[in-house]
Amino acid sequence: MVSRVIPVEPFDLVLFGATGDLARRKILPALFHRFQIGQFNTECRIIGSSRSELTAEEFRSQTADAIREFGQDVGTTPEEIAAFTALLDYAAVDARGDAGWEEFQAKLRDDAVRAFYLSVGPSLFTDIARRLSQTGIATPQSRIVLEKPFGHDLASAQALNAALREHFEERQIYRIDHYLGKETVQNLMALRFANSLFEPLWNSSHIDHVQITVAESIGVEGRGEYYDKSGAMRDMVQNHLMQLLCLTAMEPPAKFTPNAVRDEKVKVIEALRPVPQSDIARGQYRGTNGGKKGDSYRDHAGNAASRTESYIALKVEVANWRWAGTPFYLRTGKCLRERVSEIAVYFRDPPHNIFEGSGTVHGNVLVIRLQPDEGITLKTTIKDPGPGGMRLTGANLDMTFADELPESGRPQDAYERLIMDVIRGNQTLFMRGDEVEAAWAWADPIIAGWQETGHPPQPYDSGGSGPDDSLLLIHRDGRRWRGIGT
Ligand code: BG6
């Protein structure tokens, strides 16, 4: 709702990689919607940059196309798009050479917040950061924003952090994990720390286990080259699922400040036990009908011998007082039956059943749904309504945010929130350098483990629910995955 929008200070946002896919699909439409809703005005400017020689007018017109194609359907008018694109400028620069930088510098104002958004390949991060600092284009108040992947392993993440810190202080560095910008991810913190109901039960005495699922229905078409060197562990677990795990498992921070929250997340990562290979299931989609249609992962990746996983499930233990004895099962994969991301917290059964013979007591499950249909559901056991004596049945206490809070309007894309947080100078939803390194320090030995054994991922049917090994991983503990798309 417009009334809830707090305008931000005037800014110059420089978008490197302005003609790239992420800029077109996400960043520029996100900025447009924030403008449309009144969060910033015509005192703000967005300066696109890339190697391509474009005029400002061409960049405006490309951006207008991107908004029409990828923006949300909220009755956008041509006038609104024109008003937004009037804020755009463009400067071609050579990230590794001298060309264009002087003209680019001349476009920046001294009295506006300066933010440099590097929506470029990670191999350019250091060159651009160095150039910004050495030319004085970046001031001590400027912010630098980096897209994932942030490193490929611990050593590369450390090298990148060290290179950035030569030119920027940690308080200026915004490492994006777009999962942190999702509405329900923040709601998880509100649920845990703004309600007195859950936190007393939020430990291994009351919680049997937790399942974190990020299932995608799409494959890696078009991104095969990047993905084949990465796989689900690096692409999703080290960052997105790790963040969900941290927010679920962390201790209450004393304050909702960036470092208080991030300190607690780092402690969770550091408490993770090394994961043995026996607690991991890796899979690779093989297309439909047993792989006959040419739509397998290997086809999409263009690598007929690929051993990269497009699916992974892991049993993870947080070795501390709160969580000892409560496993976290993580799974993520491509080409699964349905797109669904959720955190499901399984509470222990009541210690004693007084209703013997009246039906099953269904253990409480709190499901925090990130997408689709953001919301929270609590599975409970109730009396089956009506006559017939005491019969028990399961029922959901269901709160879908769109139903419950219709006045909050259209769902905000994660990038909208994150970019505005950069301008506001709020780092709470961005990863700190030590946090990223801790996550790699945990992930590296896991990856090295399967590289050593040489075990290929297990094939699974596209459109299904993942490889059989993943079922075994949880069944052998006497537990079951929640259905994907059932
Ligand atoms: C990206 C991954 O970070 O997140 C992609 O690189 C993945 O492989 C995407 O598809 C998922 O994001 P979302 O917001 O669609 O769940």
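Cβ from N, Cα, C; glycine included.
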Co-listed substrate-binding residue [TrEMBL; alongside HIS178, LYS182, ASP235, LYS334] among GLU199, GLU216, GLU317 | GLU216
Using a Cβ cut-off of under 6 Å to any atom of ligand 1, determine which of the binding-site residues GLY17, ARG51, ASP235 qualify.
-> ASP235
So which residues does the compositional bias 'Basic and acidic residues' (292-301) touch in its own chain, when a touch means Cβ under 8 Å and the partner is 6 or more beyond its ends?
-> 219-221, 224-225, 227-228, 284-286, 308, 310, 334-335, 462
Please state how far apart, in Å and to a whole number, the two most distant Cα atoms are among HIS178, LYS182, GLU216, ASP235, LYS334, the recorded substrate-binding residues.
-> 20
Spatially speaking, which of the recorded positions LYS182, GLU216, ASP235, HIS240 is closest to GLY17 (NADP(+) binding site)? Use C-alpha to C-alpha, please.
-> ASP235
Show which residues of the chain containing ARG51 (NADP(+) binding site), separated from it by at least 6 in sequence, have their CB under 8 Å from its CB.
-> ALA92, VAL93, ASP94, ALA95
Closest to ALA23 (NADP(+) binding site): which of the binding-site residues HIS178, LYS182, GLU216, ASP235, LYS334, going by Cα position?
-> HIS178
If you run through the region 'Disordered' (451-471) with DSSP, how many residues end up as helix, strand and coil?
-> 7 helix, 4 strand, 10 coil
